Amino acid sequence: MDHLEFDENTDSEYSIFEEDNDYGLHGLDDSVGFTDLFDAPNIYRVYSWLHKHYNQKKGQLKHGVSRQKNKLQPIHKQINYETDKLKERLGKSIDKFQEQWNSGKVVRFRDKLSFALGVSTCILTALLVGMAPESMHLWYTIQLFVYLPLRYYTYQRKGYEYFIADFCYWGNILLLVYIWIFPESRRLFILSYSISYGTLAWSVVAWRNSLLFHSIDKITSLFIHFFPPLVLHTIVHLTNKSYLKDRFPAVLKVKKIDLLSSVEIASFFYALWQIWYYFFIQVGKQKQIQEGRPTSFTWLSKAYSKTKLGRAVAKLPQNLQPFVFMIIQYLYSITTMLPCSLWYNNKLYSTAFLALIFGWSVWNGASYYIDVFGRRFQKELEALRQQLAETPTNSGSSSALSR
(Lines of atoms letter the chains of each structure in order from A and count residues from 1; the text may use other names and numbers.)
(Lines give C-alpha, C1' and ligand atoms only; values in the text may rest on other atoms or scores of the structure.)
Protein backbone atom coordinates (compact mmCIF):
# COMPACT_ATOMS: atom_id res chain seq x y z
CA MET A 1 0.00 0.00 0.00
CA ASP A 2 1.38 3.32 -1.01
CA HIS A 3 2.12 5.72 1.83
CA LEU A 4 -0.26 8.63 2.44
CA GLU A 5 1.46 11.92 1.70
CA PHE A 6 0.41 14.89 3.95
CA ASP A 7 1.53 18.44 3.30
CA GLU A 8 2.14 19.94 6.79
CA ASN A 9 3.22 23.29 5.34
CA THR A 10 -0.08 23.95 3.64
CA ASP A 11 -1.00 27.64 3.56
CA SER A 12 -3.44 28.35 6.44
CA GLU A 13 -5.32 30.87 4.34
CA TYR A 14 -6.86 28.11 2.20
CA SER A 15 -10.00 26.19 3.03
CA ILE A 16 -9.87 22.68 4.39
CA PHE A 17 -11.65 21.50 1.27
CA GLU A 18 -10.45 22.33 -2.24
CA GLU A 19 -13.39 23.74 -4.15
CA ASP A 20 -11.86 23.02 -7.62
CA ASN A 21 -10.95 19.37 -6.84
CA ASP A 22 -14.32 17.78 -6.17
CA TYR A 23 -13.99 18.52 -2.43
CA GLY A 24 -10.81 16.45 -2.12
CA LEU A 25 -8.86 16.94 1.05
CA HIS A 26 -6.33 19.69 0.50
CA GLY A 27 -2.75 18.61 1.23
CA LEU A 28 -3.31 14.92 0.36
CA ASP A 29 -1.82 13.26 -2.74
CA ASP A 30 -4.33 12.44 -5.49
CA SER A 31 -2.80 8.96 -5.89
CA VAL A 32 -4.03 7.84 -2.48
CA GLY A 33 -6.94 5.51 -2.75
CA PHE A 34 -10.11 5.68 -0.78
CA THR A 35 -9.31 2.49 1.11
CA ASP A 36 -5.97 3.90 2.23
CA LEU A 37 -7.84 6.37 4.39
CA PHE A 38 -8.81 3.51 6.71
CA ASP A 39 -5.19 2.70 7.48
CA ALA A 40 -4.49 3.59 11.18
CA PRO A 41 -1.37 5.77 10.60
CA ASN A 42 -3.07 7.57 7.80
CA ILE A 43 -6.18 8.14 9.91
CA TYR A 44 -4.02 9.72 12.64
CA ARG A 45 -2.25 11.95 10.12
CA VAL A 46 -5.55 13.02 8.59
CA TYR A 47 -6.92 13.73 12.05
CA SER A 48 -3.81 15.78 12.95
CA TRP A 49 -4.09 17.73 9.75
CA LEU A 50 -7.78 18.45 10.28
CA HIS A 51 -7.20 19.46 13.91
CA LYS A 52 -4.42 21.83 12.90
CA HIS A 53 -6.52 23.53 10.25
CA TYR A 54 -9.49 23.68 12.62
CA ASN A 55 -7.40 25.56 15.18
CA GLN A 56 -6.09 27.85 12.45
CA LYS A 57 -9.61 28.67 11.29
CA LYS A 58 -10.71 29.13 14.89
CA GLY A 59 -7.88 31.58 15.41
CA GLN A 60 -8.80 33.41 12.21
CA LEU A 61 -12.41 33.65 13.38
CA LYS A 62 -11.36 35.04 16.77
CA HIS A 63 -9.07 37.46 15.03
CA GLY A 64 -11.95 38.61 12.81
CA VAL A 65 -14.23 39.12 15.80
CA SER A 66 -11.49 40.99 17.64
CA ARG A 67 -10.89 43.13 14.57
CA GLN A 68 -14.60 43.99 14.40
CA LYS A 69 -14.52 44.89 18.09
CA ASN A 70 -11.56 47.13 17.45
CA LYS A 71 -13.47 48.78 14.64
CA LEU A 72 -16.49 49.35 16.92
CA GLN A 73 -14.41 50.52 19.87
CA PRO A 74 -13.77 54.02 18.44
CA ILE A 75 -17.51 54.36 17.81
CA HIS A 76 -18.21 53.32 21.39
CA LYS A 77 -15.62 55.78 22.65
CA GLN A 78 -17.15 58.51 20.49
CA ILE A 79 -20.61 57.81 21.92
CA ASN A 80 -19.25 57.95 25.48
CA TYR A 81 -17.37 61.11 24.65
CA GLU A 82 -20.45 62.80 23.22
CA THR A 83 -22.52 61.68 26.24
CA ASP A 84 -19.95 63.02 28.70
CA LYS A 85 -19.70 66.20 26.68
CA LEU A 86 -23.47 66.65 26.80
CA LYS A 87 -23.50 66.04 30.56
CA GLU A 88 -20.69 68.50 31.03
CA ARG A 89 -22.48 71.08 28.90
CA LEU A 90 -25.70 70.68 30.89
CA GLY A 91 -23.78 70.85 34.16
CA LYS A 92 -22.03 74.02 33.06
CA SER A 93 -25.35 75.56 32.03
CA ILE A 94 -26.85 74.80 35.44
CA ASP A 95 -23.76 76.09 37.24
CA LYS A 96 -23.75 79.20 35.08
CA PHE A 97 -27.41 79.86 35.88
CA GLN A 98 -26.77 79.32 39.59
CA GLU A 99 -23.72 81.56 39.44
CA GLN A 100 -25.68 84.28 37.68
CA TRP A 101 -28.46 84.01 40.23
CA ASN A 102 -26.05 84.25 43.12
CA SER A 103 -23.86 86.84 41.44
CA GLY A 104 -23.56 90.24 42.96
CA LYS A 105 -25.55 91.91 40.21
CA VAL A 106 -28.57 89.61 40.51
CA VAL A 107 -28.46 89.58 44.31
CA ARG A 108 -28.24 93.36 44.41
CA PHE A 109 -31.19 93.68 42.03
CA ARG A 110 -33.19 91.16 44.05
CA ASP A 111 -32.40 92.97 47.30
CA LYS A 112 -33.27 96.33 45.75
CA LEU A 113 -36.59 94.97 44.52
CA SER A 114 -37.37 93.46 47.91
CA PHE A 115 -36.39 96.69 49.65
CA ALA A 116 -38.59 98.78 47.36
CA LEU A 117 -41.58 96.46 47.84
CA GLY A 118 -41.07 96.37 51.61
CA VAL A 119 -40.95 100.13 51.98
CA SER A 120 -43.92 100.58 49.63
CA THR A 121 -45.91 98.01 51.62
CA CYS A 122 -45.24 99.83 54.89
CA ILE A 123 -46.24 103.20 53.42
CA LEU A 124 -49.40 101.83 51.81
CA THR A 125 -50.35 100.02 55.02
CA ALA A 126 -49.93 103.20 57.05
CA LEU A 127 -52.08 105.13 54.57
CA LEU A 128 -54.84 102.51 54.69
CA VAL A 129 -54.84 102.44 58.49
CA GLY A 130 -55.27 106.20 58.62
CA MET A 131 -57.48 106.85 55.59
CA ALA A 132 -59.38 103.63 54.80
CA PRO A 133 -59.28 101.16 57.72
CA GLU A 134 -62.30 99.30 56.32
CA SER A 135 -60.07 98.19 53.42
CA MET A 136 -57.34 96.64 55.56
CA HIS A 137 -58.83 93.15 55.41
CA LEU A 138 -58.67 93.33 51.60
CA TRP A 139 -55.04 94.43 51.70
CA TYR A 140 -54.26 91.64 54.16
CA THR A 141 -55.93 89.01 51.96
CA ILE A 142 -54.05 90.11 48.84
CA GLN A 143 -50.71 89.93 50.62
CA LEU A 144 -51.52 86.60 52.24
CA PHE A 145 -52.17 85.00 48.85
CA VAL A 146 -48.78 86.28 47.72
CA TYR A 147 -46.66 85.55 50.77
CA LEU A 148 -47.98 82.10 51.70
CA PRO A 149 -47.35 80.41 48.31
CA LEU A 150 -43.98 82.13 48.14
CA ARG A 151 -43.14 80.92 51.65
CA TYR A 152 -44.17 77.36 50.80
CA TYR A 153 -42.07 77.35 47.62
CA THR A 154 -38.93 78.74 49.25
CA TYR A 155 -39.22 76.56 52.35
CA GLN A 156 -39.84 73.40 50.34
CA ARG A 157 -36.77 74.13 48.23
CA LYS A 158 -34.66 74.63 51.37
CA GLY A 159 -36.10 71.64 53.22
CA TYR A 160 -37.99 73.80 55.75
CA GLU A 161 -41.50 72.76 54.70
CA TYR A 162 -42.37 71.42 58.17
CA PHE A 163 -42.40 75.00 59.46
CA ILE A 164 -45.51 75.55 57.33
CA ALA A 165 -47.43 73.28 59.72
CA ASP A 166 -46.83 75.63 62.66
CA PHE A 167 -49.66 77.17 64.64
CA CYS A 168 -49.01 80.66 63.22
CA TYR A 169 -50.08 79.61 59.72
CA TRP A 170 -53.21 78.02 61.11
CA GLY A 171 -53.98 81.30 62.88
CA ASN A 172 -53.77 83.20 59.59
CA ILE A 173 -56.00 80.71 57.79
CA LEU A 174 -58.46 80.90 60.68
CA LEU A 175 -58.61 84.69 60.39
CA LEU A 176 -59.12 84.37 56.64
CA VAL A 177 -62.05 81.99 57.24
CA TYR A 178 -63.60 84.46 59.67
CA ILE A 179 -63.22 87.44 57.31
CA TRP A 180 -64.63 85.81 54.17
CA ILE A 181 -66.79 82.86 55.26
CA PHE A 182 -68.15 83.31 58.79
CA PRO A 183 -68.00 87.02 59.68
CA GLU A 184 -71.12 86.62 61.82
CA SER A 185 -69.59 83.90 64.03
CA ARG A 186 -69.02 85.25 67.52
CA ARG A 187 -66.86 82.35 68.69
CA LEU A 188 -64.73 82.38 65.57
CA PHE A 189 -64.12 86.10 66.02
CA ILE A 190 -63.07 85.66 69.66
CA LEU A 191 -60.79 82.78 68.68
CA SER A 192 -59.18 84.77 65.85
CA TYR A 193 -58.70 87.82 68.04
CA SER A 194 -57.17 85.83 70.92
CA ILE A 195 -54.74 83.97 68.67
CA SER A 196 -53.78 87.08 66.70
CA TYR A 197 -53.14 89.30 69.71
CA GLY A 198 -51.72 86.41 71.69
CA THR A 199 -49.67 83.72 69.97
CA LEU A 200 -49.05 85.54 66.68
CA ALA A 201 -48.15 88.97 68.03
CA TRP A 202 -45.79 87.66 70.69
CA SER A 203 -44.13 85.37 68.15
CA VAL A 204 -42.41 88.49 66.81
CA VAL A 205 -40.49 88.47 70.08
CA ALA A 206 -40.14 84.69 70.45
CA TRP A 207 -38.97 84.12 66.87
CA ARG A 208 -36.93 87.33 66.79
CA ASN A 209 -38.61 88.67 63.67
CA SER A 210 -36.77 91.55 62.03
CA LEU A 211 -37.90 94.36 59.76
CA LEU A 212 -35.39 93.80 56.97
CA PHE A 213 -36.64 95.33 53.76
CA HIS A 214 -34.03 93.60 51.63
CA SER A 215 -35.16 90.10 52.70
CA ILE A 216 -38.43 88.65 51.40
CA ASP A 217 -38.14 85.84 53.95
CA LYS A 218 -37.90 88.25 56.90
CA ILE A 219 -40.74 90.40 55.57
CA THR A 220 -42.93 87.31 55.16
CA SER A 221 -42.28 86.16 58.73
CA LEU A 222 -43.11 89.60 60.09
CA PHE A 223 -46.27 89.77 57.99
CA ILE A 224 -47.51 86.38 59.22
CA HIS A 225 -47.12 87.38 62.86
CA PHE A 226 -47.87 91.11 62.89
CA PHE A 227 -50.53 91.71 60.24
CA PRO A 228 -53.38 89.65 61.80
CA PRO A 229 -53.51 91.75 65.00
CA LEU A 230 -53.12 94.92 62.93
CA VAL A 231 -56.11 93.95 60.75
CA LEU A 232 -58.24 93.16 63.79
CA HIS A 233 -57.17 96.45 65.41
CA THR A 234 -58.51 98.37 62.42
CA ILE A 235 -61.73 96.33 62.39
CA VAL A 236 -62.43 96.69 66.11
CA HIS A 237 -61.18 100.21 66.86
CA LEU A 238 -61.05 102.15 63.56
CA THR A 239 -63.97 100.95 61.44
CA ASN A 240 -67.40 102.62 61.50
CA LYS A 241 -70.15 100.71 63.25
CA SER A 242 -72.42 101.02 60.24
CA TYR A 243 -69.85 99.16 58.15
CA LEU A 244 -69.32 96.58 60.90
CA LYS A 245 -73.04 95.90 61.04
CA ASP A 246 -73.09 94.88 57.40
CA ARG A 247 -69.62 93.35 57.02
CA PHE A 248 -68.52 92.07 60.46
CA PRO A 249 -71.64 91.72 62.63
CA ALA A 250 -69.90 89.48 65.16
CA VAL A 251 -67.76 92.43 66.36
CA LEU A 252 -70.82 94.35 67.51
CA LYS A 253 -72.11 91.29 69.35
CA VAL A 254 -68.95 91.01 71.45
CA LYS A 255 -69.01 93.84 73.96
CA LYS A 256 -65.97 92.50 75.77
CA ILE A 257 -63.76 89.44 75.58
CA ASP A 258 -64.11 87.26 78.63
CA LEU A 259 -60.83 85.66 79.65
CA LEU A 260 -62.32 82.30 80.55
CA SER A 261 -64.31 81.90 77.35
CA SER A 262 -61.40 82.98 75.13
CA VAL A 263 -59.02 80.53 76.84
CA GLU A 264 -61.59 77.75 76.58
CA ILE A 265 -62.17 78.28 72.86
CA ALA A 266 -58.46 78.75 72.12
CA SER A 267 -57.53 75.64 74.12
CA PHE A 268 -59.93 73.50 72.11
CA PHE A 269 -58.58 74.78 68.80
CA TYR A 270 -54.99 74.47 69.99
CA ALA A 271 -55.59 70.86 71.10
CA LEU A 272 -56.92 69.97 67.64
CA TRP A 273 -53.89 71.49 65.97
CA GLN A 274 -51.46 69.91 68.43
CA ILE A 275 -52.89 66.41 67.93
CA TRP A 276 -52.70 66.82 64.17
CA TYR A 277 -49.16 68.22 64.38
CA TYR A 278 -47.91 65.40 66.61
CA PHE A 279 -49.17 62.54 64.46
CA PHE A 280 -48.53 64.17 61.08
CA ILE A 281 -45.14 65.80 61.78
CA GLN A 282 -43.54 64.36 64.91
CA VAL A 283 -44.57 60.76 64.19
CA GLY A 284 -45.31 60.70 60.46
CA LYS A 285 -42.13 62.57 59.49
CA GLN A 286 -39.89 61.18 62.22
CA LYS A 287 -37.39 59.67 59.79
CA GLN A 288 -36.95 62.93 57.89
CA ILE A 289 -36.58 64.88 61.14
CA GLN A 290 -33.89 62.49 62.35
CA GLU A 291 -32.08 62.99 59.04
CA GLY A 292 -31.88 66.72 59.71
CA ARG A 293 -35.13 68.30 58.52
CA PRO A 294 -35.78 71.21 60.93
CA THR A 295 -39.03 71.87 62.77
CA SER A 296 -40.13 74.61 65.14
CA PHE A 297 -39.14 72.35 68.04
CA THR A 298 -35.60 71.76 66.79
CA TRP A 299 -35.16 75.44 65.91
CA LEU A 300 -36.36 76.72 69.28
CA SER A 301 -34.28 74.08 71.07
CA LYS A 302 -31.13 75.42 69.40
CA ALA A 303 -32.11 79.09 69.65
CA TYR A 304 -32.80 78.88 73.40
CA SER A 305 -30.31 76.15 74.27
CA LYS A 306 -28.30 78.53 76.49
CA THR A 307 -31.30 79.69 78.52
CA LYS A 308 -32.37 78.03 81.76
CA LEU A 309 -35.53 76.63 80.19
CA GLY A 310 -33.62 75.32 77.18
CA ARG A 311 -31.03 73.58 79.35
CA ALA A 312 -33.76 72.07 81.52
CA VAL A 313 -35.57 70.61 78.50
CA ALA A 314 -32.29 69.30 77.04
CA LYS A 315 -31.64 67.30 80.22
CA LEU A 316 -34.86 65.33 79.79
CA PRO A 317 -34.99 62.00 77.91
CA GLN A 318 -35.17 62.41 74.16
CA ASN A 319 -38.61 60.82 73.83
CA LEU A 320 -40.11 63.19 76.43
CA GLN A 321 -38.78 66.43 74.99
CA PRO A 322 -41.49 66.86 72.29
CA PHE A 323 -44.27 66.43 74.88
CA VAL A 324 -42.64 68.94 77.21
CA PHE A 325 -42.34 71.30 74.26
CA MET A 326 -46.08 70.90 73.58
CA ILE A 327 -46.90 71.79 77.18
CA ILE A 328 -44.58 74.80 77.13
CA GLN A 329 -46.04 75.98 73.83
CA TYR A 330 -49.57 75.61 75.18
CA LEU A 331 -48.74 77.55 78.35
CA TYR A 332 -47.05 80.20 76.22
CA SER A 333 -50.14 80.52 74.01
CA ILE A 334 -52.52 80.78 76.95
CA THR A 335 -50.27 83.26 78.77
CA THR A 336 -50.06 85.56 75.76
CA MET A 337 -53.87 85.56 75.51
CA LEU A 338 -54.41 86.77 79.08
CA PRO A 339 -54.20 90.52 78.33
CA CYS A 340 -56.35 90.30 75.19
CA SER A 341 -59.32 91.79 77.02
CA LEU A 342 -57.25 94.95 77.62
CA TRP A 343 -56.39 95.27 73.93
CA TYR A 344 -60.02 94.70 72.93
CA ASN A 345 -61.62 97.09 75.39
CA ASN A 346 -59.18 99.97 75.02
CA LYS A 347 -58.05 101.50 71.73
CA LEU A 348 -55.05 103.25 73.29
CA TYR A 349 -53.74 100.06 74.91
CA SER A 350 -54.14 98.17 71.65
CA THR A 351 -52.26 100.86 69.73
CA ALA A 352 -49.46 100.93 72.29
CA PHE A 353 -49.15 97.14 72.21
CA LEU A 354 -48.91 97.00 68.42
CA ALA A 355 -46.40 99.85 68.43
CA LEU A 356 -44.31 97.90 70.95
CA ILE A 357 -44.36 94.72 68.86
CA PHE A 358 -43.57 96.57 65.65
CA GLY A 359 -40.82 98.54 67.38
CA TRP A 360 -39.32 95.25 68.56
CA SER A 361 -39.03 94.05 64.96
CA VAL A 362 -37.51 97.40 63.94
CA TRP A 363 -34.92 97.06 66.71
CA ASN A 364 -34.09 93.52 65.59
CA GLY A 365 -33.67 94.78 62.04
CA ALA A 366 -31.42 97.63 63.14
CA SER A 367 -29.33 95.18 65.17
CA TYR A 368 -28.95 92.98 62.12
CA TYR A 369 -27.85 95.81 59.86
CA ILE A 370 -25.40 97.23 62.37
CA ASP A 371 -24.06 94.06 63.99
CA VAL A 372 -24.03 91.65 61.05
CA PHE A 373 -22.84 94.13 58.44
CA GLY A 374 -20.45 95.63 60.96
CA ARG A 375 -18.87 92.25 61.74
CA ARG A 376 -18.67 91.48 58.03
CA PHE A 377 -16.88 94.76 57.36
CA GLN A 378 -14.58 94.13 60.31
CA LYS A 379 -13.59 90.71 58.94
CA GLU A 380 -12.84 92.23 55.55
CA LEU A 381 -10.74 94.93 57.23
CA GLU A 382 -8.81 92.34 59.25
CA ALA A 383 -8.17 90.32 56.09
CA LEU A 384 -6.86 93.46 54.39
CA ARG A 385 -4.58 94.22 57.33
CA GLN A 386 -3.23 90.67 57.29
CA GLN A 387 -2.61 90.86 53.56
CA LEU A 388 -0.74 94.14 53.93
CA ALA A 389 1.26 92.77 56.86
CA GLU A 390 2.44 89.82 54.75
CA THR A 391 3.74 92.22 52.07
CA PRO A 392 7.14 93.67 53.16
CA THR A 393 6.91 96.65 50.83
CA ASN A 394 3.59 97.72 52.33
CA SER A 395 4.53 97.50 55.99
CA GLY A 396 4.29 101.24 56.36
CA SER A 397 0.81 101.32 54.88
CA SER A 398 -0.25 98.47 57.18
CA SER A 399 0.86 100.30 60.30
CA ALA A 400 -0.86 103.46 59.11
CA LEU A 401 -4.05 101.53 58.46
CA SER A 402 -3.94 99.91 61.89
CA ARG A 403 -3.74 103.34 63.48
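Placed from the backbone N, Cα and C atoms, the Cβ positions cover glycine too.
Residues or ranges marked as N-linked glycosylation site in Swiss-Prot: Asn240. Within 10 Å of the C-beta of Asn240 (N-linked glycosylation site) we count 9 further C-beta atoms, all protein chains included.
Per-residue pLDDT, averaged across the topological domain 'Cytoplasmic' (1-112), gives 61. The topological domain 'Cytoplasmic' feature in Swiss-Prot is assigned to 1-112 (among others); the stated evidence is a curator's inference.
If you look up Swiss-Prot, you'll see 134-137 (among others) marked as topological domain 'Lumenal', on the strength of a curator's inference. Within its own chain, the topological domain 'Lumenal' (134-137) is flanked in space by residues 125, 128, 179, 230-231, 234-235, 239-240, 243, 247, which lie at least six positions past its ends and keep a Cβ under 8 Å from the stretch.
Non-local neighbours of the topological domain 'Cytoplasmic' (156-161) in the same chain are 292-294; each lies 6+ residues outside the stretch with a CB under 8 Å from one of its CB atoms. The topological domain 'Cytoplasmic' annotation in Swiss-Prot covers 156-161 (among others) and is backed by a curator's inference.
Residues 247-250, 253-254 of the same chain sit 6 or more residues outside the topological domain 'Lumenal' (183-186) yet have a Cβ under 8 Å from a Cβ within it. Residues annotated as topological domain 'Lumenal' in Swiss-Prot, with a curator's inference given as evidence: 183-186 (among others).
Summarising the annotation, Swiss-Prot assigns topological domain 'Cytoplasmic' to 208-218 (among others) and lists a curator's inference as the type of evidence. A Cβ distance under 8 Å defines the sequence-distant neighbours of the topological domain 'Cytoplasmic' (208-218), meaning residues of its chain 6+ beyond its ends; these are 111-112, 114-115, 118-119, 150-151, 154, 225-226, 303, 358, 360-362, 364-365, 367-369.
Under the heading topological domain 'Lumenal', Swiss-Prot lists 240-262 (among others), citing a curator's inference as support.
If you look up Swiss-Prot, you'll see 284-322 (among others) marked as topological domain 'Cytoplasmic', on the strength of a curator's inference. Here the topological domain 'Cytoplasmic' (284-322) has long-range neighbours at 159-160, 162-163, 166, 206, 208, 278, 328, meaning same-chain residues at least 6 beyond its ends whose C-beta is under 8 angstroms from one of its own.
Only residues 6 or more beyond the boundaries of the topological domain 'Lumenal' (344-352), in the same chain, are considered here, and those with a CB under 8 A from a CB of the stretch are 193, 197, 233, 236-237, 254, 256-257. Residues or ranges marked as topological domain 'Lumenal' by Swiss-Prot on the basis of a curator's inference: 344-352 (among others).
According to Swiss-Prot, the feature topological domain 'Cytoplasmic' maps to 374-403 (among others), an assignment based on a curator's inference.
Long-range contacts of the transmembrane segment (113-133) within the same chain, counting only residues at least 6 positions beyond its ends with a Cβ under 8 Å from a Cβ of the stretch, are 139, 143, 212-216, 219, 230, 234-235, 238-239. Feature annotation from Swiss-Prot assigns transmembrane segment to 113-133 (among others); the stated evidence is sequence analysis.
Sequence-distant neighbours of the transmembrane segment (138-155) (same chain, 6+ residues past either end, Cβ-Cβ under 8 Å): 121, 124-125, 128, 161, 163-164, 169, 172, 176, 179-180, 216-217, 219-220, 223-224, 227-228, 231. Taken from Swiss-Prot, the feature transmembrane segment applies to 138-155 (among others), supported by sequence analysis.
Here Swiss-Prot flags 162-182 (among others) as transmembrane segment. Within its own chain, the transmembrane segment (162-182) has Cβ neighbours under 8 Å at 137, 140-141, 144, 148, 151-152, 155, 188-189, 191-192, 195-196, 199-200, 203, 224-225, 228, 231-232, 248, 250, 269-270, 273, 277, 280-281, 285, 288-289, 293-296, 299, 329, 333, counting only residues six or more beyond its boundaries.
Residues or ranges marked as transmembrane segment by Swiss-Prot: 187-207 (among others). Within its own chain, the transmembrane segment (187-207) has Cβ neighbours under 8 Å at 167-168, 171-172, 174-175, 177-178, 221-222, 224-226, 228-229, 231-232, 236, 248, 250-251, 254, 257, 261-263, 265-266, 269, 300, 332-333, 336-337, 340, 343-344, 350, 353-354, 357-358, 360-361, counting only residues six or more beyond its boundaries.
The transmembrane segment annotation in Swiss-Prot covers 219-239 (among others) and rests on sequence analysis.
Distant neighbours of the transmembrane segment (263-283): 162, 165, 167, 170, 174, 187, 190-191, 194-195, 198, 289, 295, 297, 322, 326, 329-330, 333-334, 337; these residues of the same chain sit at least 6 beyond its ends, with a Cβ under 8 Å from one of its Cβ atoms. Residues annotated as transmembrane segment in Swiss-Prot: 263-283 (among others).
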>> Using DSSP, what is the helix/strand/coil residue split across the topological domain 'Lumenal' (240-262)?
In response: 16 helix, 0 strand, 7 coil
>> Same chain only, please: residues at least 6 beyond the ends of the transmembrane segment (353-373) with a C-beta under 8 Å from a C-beta of the stretch. Say none if there are none.
In response: 197, 201-202, 204-205, 208-212, 218, 222, 226, 229-230, 233, 339, 343
>> Give the nonlocal contacts of the topological domain 'Lumenal' (240-262) in its own chain as ranges (CB under 8 Å, at least six residues past its ends).
In response: 134, 178-179, 183-186, 188-191, 193-194, 337-338, 340-341, 344-345
>> Quick check on the topological domain 'Cytoplasmic' (156-161): DSSP residue counts for helix, strand, coil, in that order please.
In response: 4 helix, 0 strand, 2 coil
